[in-house]
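Copied over from TrEMBL, here are the features:
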COMPBIAS  338-351  compositional bias 'Polar residues'
DOMAIN    11-128  domain 'Ig-like'
DOMAIN    129-221  domain 'Ig-like'
REGION    289-381  region 'Disordered'
TRANSMEM  241-265  transmembrane segment
Amino acid sequence: MERFQKFVLLPFILATSFTALGFCYSILDGPANATVLAGSEARFNCTVANGWTILIWLLNANPVLTVINSHGPIETSDRFTSHSYNNSQSFTSELIVHNTQLNDSGKIECSIQKLDGSSFAFLSVQVNGSLLMKNSTLIVKENTTVEVVCEALGWAPAPEITWMTNDSLIDKSRYVTQQSQGSNSLHNALSVLTLTPMNTEILTCLADIEALPNPQNATIAVIVGNSTLDGSYSEDSTSTWVIALAVVFSIVGFILLIILIWVVVRCCCLKKGSTYENEVRKISIKKKTDEHLGNRQRSGSKNQGYVPEEPHYTGQIPTVVSLPPMSTKFTVPHPDLHTSSAPKRQGTGATNGKDKTSGENDGQKKVQEEFDIDMDAPETERAAVAIQSQFRKFQKKKAGSQS
């Protein structure tokens with residue numbers, strides 16, 4: 001009996017001895033697996049017995065944080081921090097991973113740099129994407145089979161799709177779910193539910209992954225229509241279209257009216273400006289014409305057939321009235337007026353003087369005749385040249401007779 005007791009007490013004595021010597025320094029409680037959503041925090045705890053020297057945290061075999069017993073934690077990245085908890089028998093280090101990302105998924109290890117002095121767990125980072133249904137309301141006829149589609153996009157891992165109707169689960173045989181690989185290591189899922197509704201039903205599509213506290217859902221109302229409902233729906237649709245068309249036509253008509261008013265105003269302005277310019281142009285042309293006619297009346301026309309008189313003749317010549325400049329009227333001597341070329345006789349001075357005085361008075365009493373002649377006509381110019389030529393011949397003949 002005593003031998004048996006000694007045999008039983010031997011292991012306890014050895015354990016106590018090894019503990020006193022420090023051979024029992026080890027990890028008491030390692031980290032646990034964690035599943036989190038991307039962007040959230042992940043926490044892991046590692047508890048070791050007193051007497052430890054160094055503790056290292058590794059993510060996928062890469063050191064991310066070190067804790068030294070005499071110094072404390074050494075943090076090299078803001079994404080990996082730690083908290084420490086001490087008691088009389090152990091030390092606990094908590095690793096906190098901030099803003100978790102999909103590529104953080106993997107092995108988390110706690111090591112105390114001793115043979116068999118490590119413990120590990122796994123981190124799973126999941127992504128909840130979008131869940132959608134094309135319509136929020138679906139109207140069907142009685143005894144009509146329809147397909148309702150629910151689509152999940154951008155999930156990691158691919159979500160599990162389930163259906164409910166009026167808060168009751170639908171048997172999986174009534175719907176089919178297909179999964180596909182998306183971009184950036186994400187997954188998509190498409191679920192199609194086939195049913196023949198007899199009454200109005202509220203259908204709910206649910207997508208679930210482990211990291212979600214509650215499944216994500218999308219809802220659609222399936223309404224079974226009848227003739228009355230269809231008629232009212234058709235009337236409502238027609239009324240809506242009529243109102244929409246009326247509004248559109250009103251806006252278009254208003255815009256066209258504004259454009260028409262602008263065009264009319266513009267045309268009136270252009271016409272008024274053109275009329276004013278024409279009047280000014282007419283007045284200017286009339287003024288220039290009047291000034292030109294006035295200048296012509298004051299200056300007259302140049303007589304191209306005029307030849308100056310020869311200065312050597314000083315005797316008495318018949319009186320010829322000169323043509324006034326720029327006048328349509330001129331005077332000529334009366335046909336009865338004539339001069340005599342006979343030489344003066346001696347001894348008859350008194351008689352000749354009396355006759356001369358009487359002749360001059362008679363010539364002055366003759367009435368001059370007026371004629372309307374166009375001074376610019378070629379015939380007038382030829383007549384003037386002929387008169388000048390005759391006058392020069394007369395002068396030459398008169399000069400010859402006196403010599």
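Cβ atoms are placed via backbone N, Cα and C, with glycine included.
Across the domain 'Ig-like' (129-221), the DSSP tally of helix, strand and coil residues reads 3 helix, 57 strand, 33 coil. Taken through DSSP, the domain 'Ig-like' (11-128) splits into 14 helix, 64 strand, 40 coil. Mean per-residue pLDDT, taken over the domain 'Ig-like' (129-221), amounts to 93.
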